[in-house]
Amino acid sequence: RGHRYKTIIISLLFPTQVMERNVDPEGTLLTFLRKNWTLLSKSWLLRLTGTKYACGRGGCGACTVMVSKHDPVSRKIRHFSVTACLMPICSLHGAAVTTVEGVGSIKTRLPPVQERIAKSHGTQCGFCTPGMVMSMYTLLRNHPQPSEEQLMEALGSNLCRCTGYRPILESGRTFCMESNSCQQKGTGKCCLDWGENDSSPLGKKSEICTKLFAKEEFQSLDPTQELIFPPELLRMAENPEKRTLTFYGERGTWISPGTLKDLLELKVKHPKAPLVLGNTSLGKSWCHDYNSVAPLMSPVKTSCFPGLTIGAGCSLAQMQDILAERIAELPEEKTQTYRALLKHLRSLAGQQIRNMASLGGHVISQHCCSDLNPVLAVSNATLNLISAEGTRQIPLNEHFLAGLASADLKPEEILESVHIPHSQKWEFVSAFRQAQCQQNALPHVNAGMRVLLKEGTDSIEDLSIAYGGVGAATISAHRSCQLLLGRRWNELMLDEACRLLLDEVSLPGSAPGGRVEFKRTLVVSFLFKFYLEVLQELKKLVKLFSDSRHHSEVSDQFLSALEDFLVTIPQGVQTYQNVDPHQPLQDPVGRPIMHLSALKHATGEAMFCDDIPMVDKELFMALVTSSRAHAKIISIDVSKALELPEVVDVITAEDIPGTNGAEGDKLLAIDEVNCVGQIICAVVAETDVQAKRATEKIEITYEDLEPVIFTIKDAIKHNSFLCPEKKLEQGNVEEAFEKVDQILEEVHVGGQKHFYMETQRVLVIPKTEDKELDIYVSTQDPAHVQKTVSSTLNIPINRITCHVKRVGGGFGGKVGKPAVFGAIAAVGAIKTGHPIRLVLDREDDMLITGGRHPVFGKYKVGFMNNGRIKALDIECYINGGCTLDDSELVTEFLILKLENAYKIRNLRFQGRACMTNLPSNTAFRGFGFPQGALVTESCITAVAAKCGLPPEKIREKNMYKTVDKTIYKQAFNPETLIRCWNECLDKSSFYSRRMHVEEFNKKNYWKKKGIAIIPMKFSVGFAATSYHQAAALVHIYTDGSVLVTHGGNELGQGIHTKMLQVASRELKIPMSCMHISETSTATVPNTIATAASISADVNGRAVQNACQILLKRLEPIIKKHPEGTWEDWIEAAFEQRISLSATGYFRNFLNQCAFLQGLGESGMFLGSSVFFAIADAVATVDIAEDFMVQSPATPERVRMACADRFTEMRPRELSMWIHTWQIPPAEGYSR
């Protein structure tokens, strides 16, 4: 729009070349792919929407693409995966980019990687699938027969772990060298195929199948058929233009220097301009205020000093390869540092980020949680700097890491390379890190440690220790190390070292990132591990034997402290019952049918809400939210926003012609805000970028109000509740408590943020007459969106049509909230007369939409010595946030299901929803049951501990045994529950594993195992009977094809596939003759939310009813012409004026509510077995007092629950504390 660009960019989007003259230097590859119309020929255009926007931070992998470049050093083509949301488009000049569309298409060619992920049932909602495909495709371009470890590493950066994840791995395993079964009996077959140990009542072994796909039917992978690197780009790479490329933008400039000399001259002219290679550190903010320079540097440099010199422009992935090569080439004693660096590189971020991030950027950023800097610092690494004035070297030490000007780069200097010395004999280097998980997580604390011992002794000649995550920068424990020089490597030194470190590495209560006690524990724990590692290596070096009287020995019991947790590929087998051999081949019910959209998911051709092409005169909307938790709005000044170019309007509550939401739950705040993230107004602009920029210009004046309530306990204190108390009671609880032992405990269950891969998004298109609106929205409940928009605009519901093609994940988060966004966007559409597109950033989505309700539970349980529970009293409080939303229903649901699978005669359950100044929590998979049942199961576990019995015995003793009534008066037959429980015990070899766990725990002091098995009784459906209804509309066209529509929404659960299976069976025609286009309120009105585990059941019955009506109409024709074809019958029916369209309807089941017996997806709460297995492992630790592992069981909580001398240490604690892990003292080395 009027901006001048000085040069052009050339990249390649397979299968064609693109020359783009209007490149915005602030643009990312993702924006370029999705928002630009790419010229493919003189006659038509293509918009590449297969690459998805999900997080915008490079953390989820949904936007993964493959970049191919010519490596000038190796003179080979290098293929690597990147996250398009972070990759600056200007950095790709001369590169080839392969998107999921370039891999294959259902319209042209479907290659093996896309075919297998689809036919292996590896897609669910399909939003993450293109990213998965591209990660796997890049792997196969580099390694046509990868190992399983390489497969795991390649997919490690793709965050989604929904039901499709194990099948995704299974599809990838078909390319791997290793077998993908347990290979029992040496045959290569799985044990389940041998017909042994089958206690299943489903039928004979011949009726049970474990193969969901036939590997032999897949296309073979032929690497020679892949697209070649474009010759034009190859010529460009081999004969590069030595000129500087400059791209001008509205707020920044991108400069790509042609030579190192050009770069140094530019650095003099623009000393504040950051050097950008992968853009993984700066992210979205890279050029808001600066010019940018993108240098290219050689990965490996030569040096006259012994060691390895790596160019600053080397990517972390290339650095991995270089280190692995050097480790293989050099003697082990010289590679200690390289091994430590390689260990951290394997867990640093994910594959895509390592492919993009540079060593120089990682070092220069001086991030406090840098994984490499602590190791480089202790290893005496040197930074080689260069400027127009010349070169110089500075040490990568504590002064550099602290950012001291005297030890840092000058503004005109750049980092050319990093020199890493070889280690030497009698020198030991190790790296340590602790994060929330092993991949894709910043460390809480990391460390690099190095010690050089005097040759032939255990005397410390040099010692260096550095920690990350414990301060504003990486901290070097220089003072402590100096005081330990000359000391012998024994536990007396260890004792002194721990005290010195805790004094020097001070962590005040206000330390960045919190977790102070945990971090203090890690500071000394890492040192202890290093101490043990050196002892073990020292033993090898000097050939110590166990009978030595002069040296410290590590007992076998303590060796587990040296073992890392390995990331292993998940193992599992899915079994299902074969259909009856007499079932017609045409009948698909019961067969493992591929998801109808699976191939489109795999090729990126499945259209989601934001993939819909831009419509004429479309505008974009961005939301303005509150920055205060509880405040009065004094004024809203939008003048500066309206002055910006391309800004059209600002929508406020005054613009709403109808109802502004419910009382106490306004769509747009008016006088008061009750949480950070409450929507106040919305900006409408011609571009999404300008709309978001304009939100920053709106000035809102607040007056803070009291009280500000964040926690459940604060809400109880202030009597702040959203709804009346919910209560259920049976038996005589008080009387029962008088006769038994009792336990009183509290349980805290944390909340959980929604992270459906597709953020909330909506497109509202106003029609030219009668105030009609078409709304394309990602929702589980289009009828609710329709009603909310109707009341907001004060127009009849029949003028509004909501369309849902598919939803990129919902999990309950898209039941109520989409109506809010749809209504606000509709107000904007009516006011401006333009279509409005609203797509939430991940940050706004997580801020506004809330999540799973945190729960505070208090229980009192009465039990006998044998574990029989006689009475149970539970009081639960949930954190509902600032408005009611679904909190009352969640409270009710939680209370109804608190008894779980147990028949206890005397029960009292009470629940309250607390009102706090947080975004309103909402529906989330399980709808309160996982939190409530966790409280109940914690109670069961506590009873087991008091009785000295295994928890599974207490569960078994108190489980439903015979048909009985639940606390909510419904008859329940526990036959299936008992059968499932016994099968799980049997097929998992539970008791054998329990013995193995106990034996392991006896032999290992620092590593413990746990095991748990948890039953689940989950009633499905809604409490309101009006929600147990569904409708369907089935059309038969004159060519015999069938169009099915119903009230359910495709969230990835395959409901459309199931509906066509039902219709196929009823009409007795193949599924290929049928089609489902979308869910629309115009075809099936008054639909119910797709939720509560009943949508397939009620909608399936409605589809069945419609098909039966149609078949009944066709019966006379079929009887008259039994030899005719389906097409003949339909043509005859049309000629006889028989209606070929029918509405099906279904309401309720004979039983008011059903119980979950078996679904394609495991119940959410079954994952609690992991939680209780962790608690079981913690319980084996010798803890003096009772403990309680709280949910979520984070590494911090688990570690701090295992109280020992490390967790109890404090700075300046002078008492001797080496007790439980004490090692025999050392007498010393001969001098």
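Glycine too: its Cβ is placed from the backbone N, Cα and C atoms.
According to TrEMBL, the features are:
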type: BINDING; residues: CYS55, CYS60, CYS63, CYS85; note: [2Fe-2S] cluster 1 binding site
type: BINDING; residues: CYS125, CYS128, CYS160, CYS162; note: [2Fe-2S] cluster 2 binding site
type: BINDING; residues: LEU275, VAL276, LEU277, GLY278, ASN279, THR280, SER281, LEU282, ASP371, LEU415, ARG433; note: FAD binding site
type: BINDING; residues: GLN780, PHE811, ARG925, ALA1092; note: Mo-molybdopterin binding site
type: BINDING; residues: PHE927; note: substrate binding site
type: DOMAIN; residues: 8-103; note: domain '2Fe-2S ferredoxin-type'
type: DOMAIN; residues: 247-425; note: domain 'FAD-binding PCMH-type'
Where the distance is taken from Cα to Cα, which of the binding-site residues CYS55, CYS60, CYS128 turns out closest to ASP371 (FAD binding site)?
CYS60
Summarise the model confidence on the domain '2Fe-2S ferredoxin-type' (8-103) as a single mean pLDDT, whole number.
81
Could you work out which of the binding-site residues (CYS85, LEU277) has its C-beta surrounded by the smallest number of other C-beta atoms within 10 A?
LEU277
Compute the C-alpha separation of CYS85 ([2Fe-2S] cluster 1 binding site) from PHE811 (Mo-molybdopterin binding site), stating it in Å without decimals.
25
Among the binding-site residues listed here, CYS60, CYS63, which has the most company in the form of other Cβ atoms within 10 Å of its Cβ?
CYS63
With every protein chain in view, what's the tally of Cβ atoms within 10 Å of the Cβ of CYS128 ([2Fe-2S] cluster 2 binding site), excluding that atom itself?
30
Any idea what DSSP makes of CYS160 ([2Fe-2S] cluster 2 binding site), helix, strand or coil?
coil
Other than CYS125, CYS128, CYS160, CYS162, which residues of the same chain sit close to [2Fe-2S] cluster 2? List them in sequence order, counting a residue when its Cβ is within 8 Å of the Cβ centroid of the site.
GLN124, GLY126, PHE127, THR129, ARG161, GLY164, TYR165, MET757, GLY808, GLY809, GLY1052
Taking each of the binding-site residues PHE811, PHE927 in turn and counting other Cβ atoms within 10 Å of its Cβ, which one has the fewest?
PHE811
Compile a sequence-ordered list of residues in the same chain as CYS125 ([2Fe-2S] cluster 2 binding site), six or more apart from it, whose Cβ lies below 8 A from its Cβ; state 'none' when nothing qualifies.
CYS162, TYR756, MET757, GLU758, ARG806, VAL807, GLY808, GLY809, LEU1051, GLY1052
Under 8 Å Cβ to Cβ from CYS160 ([2Fe-2S] cluster 2 binding site), same chain, six or more residues apart: give me those in sequence order, or none if nothing qualifies.
CYS60, GLY61, ALA62, PHE127, CYS128, MET132, MET757
Just name the most isolated of the binding-site residues CYS55, CYS162, LEU275, ALA1092, going by other Cβ atoms within 10 Å of its Cβ.
CYS162
Would you mind reading off the Cα separation of ARG433 (FAD binding site) from CYS63 ([2Fe-2S] cluster 1 binding site), to the nearest angstrom?
28
Extra residues within 8 Å (Cβ to Cβ centroid of CYS55, CYS60, CYS63, CYS85), [2Fe-2S] cluster 1:
LEU30, LYS52, TYR53, ALA54, GLY56, ARG57, GLY58, GLY59, GLY61, ALA62, THR83, ALA84, GLY131, ARG842
Among ASN279, SER281, GLN780 [binding-site residues], residue with fewest other Cβ within 10 Å:
SER281
How many other Cβ atoms sit within 10 Å of the Cβ of ARG433 (FAD binding site)?
24
Chain-internal residues, separated by at least six, CB under 8 A from ARG925 (Mo-molybdopterin binding site):
PHE811, GLY812, MET1164
Pairwise Cα distance for GLN780 (Mo-molybdopterin binding site)/the residue listed as 'substrate binding site' [Å, integer]:
15
Compute the C-alpha separation of the residue listed as 'substrate binding site' from ASN279 (FAD binding site), stating it in Å without decimals.
40
At the Cα level, what's the spacing in Å between LEU277 (FAD binding site) and CYS55 ([2Fe-2S] cluster 1 binding site), rounded?
20
Around ASP371 (FAD binding site), how many other CB atoms lie within 10 A of its CB?
26
